[in-house]
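Here the structure is laid out as C-alpha cells; the discussion comes afterwards.
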Amino acid sequence: MFKSGFITVIGRPNVGKSTLLNNIMKEKLSIVSHKPQTTRNNIQTILTQEDCQIVFVDTPGMHKPKHKLGEYMVKVAEEALKGVDIVLFMTTPEGQLGRGDVYILEQLKRIKQPVFLIVNKIDENDQGKVAETLKNYHDAYPFFKEIIPISASKDKNVDTLLELMKKYLPEGPKYYPEDMITDQQERFIVAEIIREKALRLLSEEVPHGIAVEMMTMKKNEKGNYEINATMLCERDSHKGIIIGKNGSMLKKISQYARQDIEKFLQSKVSLKVWVKVKKEWRDDNRILKELGYRQ
C-alpha cells in the first residue's frame with residue numbers, strides 16, 4: 001500500500017520549522033537563521049520513500065503583520081492550511097502558552113485535518129519545563145492527535161515523528177517524480193542562500209529590510225555558474241552596514257554564500273553581489289511582485 005499526501009508545518013517565527021524540514025530531507029532547502037520570520041514563501045519539499053511520498057509545505061511563521069510583506073507572509077501561512085492532510089503545529093518549551101501560539105491555535109481549532117503538537121528544542125531546556133509545556137498545551141487544546149517532543153537540530157525523535165506522519169497519511173499516488181526534492185526554482189534557492197548569510201552576519205536592525213534580487217544566473221563555456229545578484233535594503237545607513245569597511249562585510253556575505261551555492265549546484269560559482277537602496281520596499285506592491293511575492 002503506497003501512501004501520499006501534503007503536510008503543513010506551522011508555528012510562530014523561529015521555532016525551528018525550516019530546521020526540521022532540512023533535517024528530514026538532509027538538504028539545505030529552507031533558509032535557517034536565529035532571527036525570526038526568515039521564511040517568506042511556502043517552500044514545498046518532497047520526500048519520496050519506498051512506501052510513501054510526503055510533500056511538506058514550509059510556511060512563514062504566523063504573526064500579526066506590521067507591513068504589506070508581513071501581510072503576504074501571514075496570508076501564505078493561512079493558505080497553506082487548505083487542502084493538506086496533516087498539520088504540524090510547532091512550538092518550543094516555554095511552559096505557559098504565549099499569545100503568539102494562542103493566535104495560531106485558535107485558527108487550528110476550526111480545521112478538520114489531524115493536528116500534531118511538535119515541541120522542538122528539547123535539548124535546550126530541562127525536562128521539567130518540557131513536561132510542563134506538553135501538559136499545558138494538551139489541557140488547553142485537547143484536539144491534538146499526536147504530541148511529540150523533538151530536537152530538530154540534534155535529530156532527536158525526528159524518525160518517530162516521521163513514522164507517525166506516515167500512519168495518518170491516506171493512500172495515494174506519487175504526485176512528483178522520485179528524484180524531485182523541491183518545487184522551487186534554482187534561482188529562488190540561490191537568492192535565499194545569499195539572504196541567509198546576510199541574516200546571519202548582519203546586526204539586528206538590518207536583516208528584515210533585506211531582499212535579494214537575482215539579476216543573472218547562467219553557465220559559462222566551462223560549465224561553471226556566473227551569478228549576479230542585488231541585495232535590496234531600505235536605508236542608506238543600512239547600505240553602509242551591509243557593505244562594511246572597505247567592502248569587508250559584503251565580501252564575507254558573498255564568500256559564505258558562494259560556498260553553499262557551490263554545494264547546492266554541484267558546480268564552481270562566480271558570485272557578484274551589489275547593494276541597492278529601495279526605500280520602504282516592504283510596503284511597495286510593485287517591488288513585492290517583482291521579487292516574487294505575488295500571493
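Backbone N, Cα and C atoms are what each Cβ position is placed from, and that goes for glycine too.
Among the ranges 58-61, 98-101, 154-157, 182-185, the stretch that Swiss-Prot annotates as region 'G3' is 58-61. Here Swiss-Prot gives region 'G4' for one range in the set 120-123, 136-139, 260-263, 284-287: that range is 120-123. Sequence-distant neighbours of I122 (GTP binding site): residues of the same chain at least 6 apart with a C-beta under 8 Å from its C-beta are P93, V130, P149, I150, S151, K156.
Counting residues per DSSP class in helix, strand and coil order gives 32 helix, 27 strand, 19 coil for the domain 'KH type-2' (202-279).
Residue counts for the region 'G1' (11-18) under DSSP, helix first, then strand, then coil, are 2 helix, 1 strand, 5 coil. DSSP classifies I122 (GTP binding site) as helix under the three-state reduction.
Using a 10 Å radius centred on the Cβ of G11 (GTP binding site) and all shown protein chains, the other Cβ atoms total 23.
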